[in-house]
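These notes concern the structure reproduced below.
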Amino acid sequence: MTEEMPSLRCIIATLFFALLLPPGSFPATTLSPSFYDETCPTVFSIIRGIIEQALLSDPRIGASLLRLHFHDCFVNVITKTFVLFLFLPFTFSAISRLKQILLQGCDASILLDNSATIESEKEAAPNNNSARGFEVVDAMKIALEFECPGIVSCADILAIAAQESVNLAGGPSWLVLLGRRDSTTANRTLANLAIPAAFETLDILKSKFAAVGLNTSTDLVALSGAHTFGRAQCTIVIERLYNFNSTGKADPTLNATYLETLRKVCPQGGNGSVLVNLDPTTPNTFDSNYYTNLQAQEGLLQSDQELFSTSGADTIEIVERFSSSQIAFFESFVVSMLKMGNISPVTGTEGEIRLSCRRVHMDYTSSNKWSSS
C-alpha cells in the first residue's frame, strides 16, 4: 500500500459523505468544499502557511487549533423540545435568534471575547486557562481580510485550520466542507454542560456525543484519537494519579510504570501548569499510537482510557481495530470530523461574517467608533 493511499481514500470519504447522512441532515444552504473557489481561492494556502510558521516556535499549536474546532462544535444540544419550538407562531427572525441561542454548533462562538453583549465561552470550565491558539486564528483572519475582505468566516477558519493541523502532523487530508457563517452569540452555560471533560466516564461521554447527533461508538473513538498529539496540564490528571474518585489511590487502570513516570512529571502539590504529552510515544505526530497506548493502559486522560478499560464496552473492539490499522483510523476520523463539522452550522443569511473573530459586528463597530472619537 502506498503512502498516498490513505489520503486518497479519505478524500473519497469526503465526496460520499453526503450519501451517508439521512435526508435533512444538511442545512438549507449546503456546505461545500468549493465554497471559496471563486471568492477566496487562496484561503487554504494562507491558513496552512500561518500554521507552519506557528509550528516553528510552538509544536503543539496544531493540536490546540483542532481542539478549538472540537470545543466550538460541541456547544450544541439537539433536543425534541427545540423541534417543537419551530411549530410555534414565531416570526422568522425570532426562530433564527432562538436557533443561535439553543443550537450554537460550529459557529466560532468559542472565539468571542467578553463584551457588553457576550459572556465568553473562553471562561467555561473546559476552556478556561486551557483553550489556546486564539492569536494564531487572529493572524489568519487578518491575512484573509487583507486578501479577501469580508468573505471567509471565522467558523470556516477553524474548520480549515483543524484539517491543515492534522495533515501537517502526518495525519489524513480531506475536502473540508465550507460555507459556515459566524454566530452573534455565545453560550458559556452550554459550553460547561456539553463539552466532554477529561475526567468523565464512558457513559457520560456517550451521552454528550449522542446529544450533538454523533454516534457513541465509532465517532466517539475516532474523534478521541485527536489526543494522539498535543499536551495536557498536570492539573487535569493530578487527581487520577493520587486520589482517583476520592480513594486516596491512583486510577487502577493506569499502567504502573507509566504511573510512576507521570508522578515524576506531576508531583503531588507541584506546579499544575506543567505540560504532559498526551501520547508518550509520538507526541507531535498524528498517528494510531494513541490506541496502542490505550491497550497498554497508557492513556493520559481518564476519558481516553475509558474507551478500552470499561468492561464490556463496544468501544474496545474499535480501539483494537484502529490500533492494528492506521488507515482504518484515518478513514473513520475523516468521516467523523465531517459529521462534527456539520453540527448546526450558521448558513445562508443567518449570523454574520465577523471582521474580528473576537467580536460580533455590533461590538466591533462600537469599539472602532469609540477609538476614532
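Using N, Cα and C of the backbone, Cβ positions are placed for all residues, glycine too.
Small disclaimer: the values here were computed from a predicted structure and weren't measured.
Here the candidates are Cys106, Cys148, Cys154, Cys234, and TrEMBL names Cys148 as the disulfide partner of Cys40.
Cα-Cα distance from Cys266 (disulfide bond) to Pro196 (substrate binding site): 23 Å (rounded to the nearest whole number). Counting only same-chain residues six or more apart in sequence, the Cβ atoms lying under 8 angstroms from the Cβ of Arg67 (site 'Transition state stabilizer') belong to Ala131, Gly133, Ala226, Gly230. Under 8 Å, Cβ to Cβ, and six or more positions away along its own chain, Ser109 (Ca(2+) 1 binding site) finds Asp72, Val75, Glu121, Ser183, Thr185, Ala186, Asn187. For Cys266 (disulfide bond), the count of additional Cβ atoms within 10 Å of its Cβ stands at 23 [all protein chains shown].
For the pair formed by Asp107 (Ca(2+) 1 binding site) and Cys73 (disulfide bond), distance between Cα atoms is given as 7 Å, rounded to the nearest Å. Apart from Thr228, Asp279, Thr282, Asp287, the Ca(2+) 2 site neighbourhood in this chain, defined by C-beta within 8 angstroms of the site C-beta centre, holds Phe229, Thr281, Pro283, Thr285, Phe286, Ser288, Asn289, Tyr290. A gap of 13 Å separates the Cα atoms of Cys154 (disulfide bond) and Gly105 (Ca(2+) 1 binding site).
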